[in-house]
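Taken from Swiss-Prot as is:
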type: ACT_SITE; residues: E138; note: active site, proton donor/acceptor
type: BINDING; residues: R110, S111, S112, L113, A114, R115, D128, V136, L137, E138, Y171, K178, Q182; note: dCTP binding site
type: REGION; residues: 170-193; note: region 'Disordered'
Amino acid sequence: MRLCDRDIEAWLDSGKLGIDPRPPVERINGATVDVRLGNKFRVFLGHTAGFIDLSGPKDEVSAALERVMSDEIILPEGEAFFLHPGELALAVTLESVTIPDDLVGWLDGRSSLARLGLMVHVTAHRIDPGWQGRIVLEFYNSGKLPLALRPGMLIGALSFEPLSGPAARPYNSRQDAKYRGQQGAVASRIDKD
């Protein structure tokens, strides 16, 4: 059962759930909290690799990832990031989120953006118990026109679901937590699997 708006506010008030900066009550709706787009992005570079063998040797996968991902792009205030049709890019939420060990979070895109062809998360929309950091967005433009994305715009909504008990292995306590504490648009670390 997902938390309703009153329960989300109570979890925030108690400090068990953290969203920084804390959203105003107007962005806590029914069963979700609206989140905004941050100013950090990463894109795939031109065809610098014919393919990435995801099950290949870790050093080869790592080298291929280095060749295909840009450095982090930090947009100055007031500028837009343009996502062209058929392009995939990474970005982050403006808000940093701290989820306790007995709660799981879910990120959904906004219907208004989906109707323009913008996918906010390609497949990874679960936010694990014990998560701390910004949420990386996997943008894909499936529409026909370029989309101008500006930091600070509403980009998605978070919902939260209590677990039957605290997780035995919450994300931030795991040694294999590849994205622990991320604050930027961290590229895939599949080579760390």
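From the backbone N, Cα and C atoms, a Cβ is placed for every residue, glycine too.
In this structure the alpha carbons, written CA, of S112 (dCTP binding site) and E138 (active site, proton donor/acceptor) are 17 Å apart. One residue stands out among the binding-site residues A114, L137 for having the most other Cβ atoms within 10 Å of its Cβ: L137. Around R110 (dCTP binding site), the same-chain residues at least 6 positions away in sequence with a Cβ under 8 Å from its Cβ are V120, L154, I155, G156, A157. Within 10 Å of the Cβ of S112 (dCTP binding site) there are 9 other Cβ atoms, across all protein chains.
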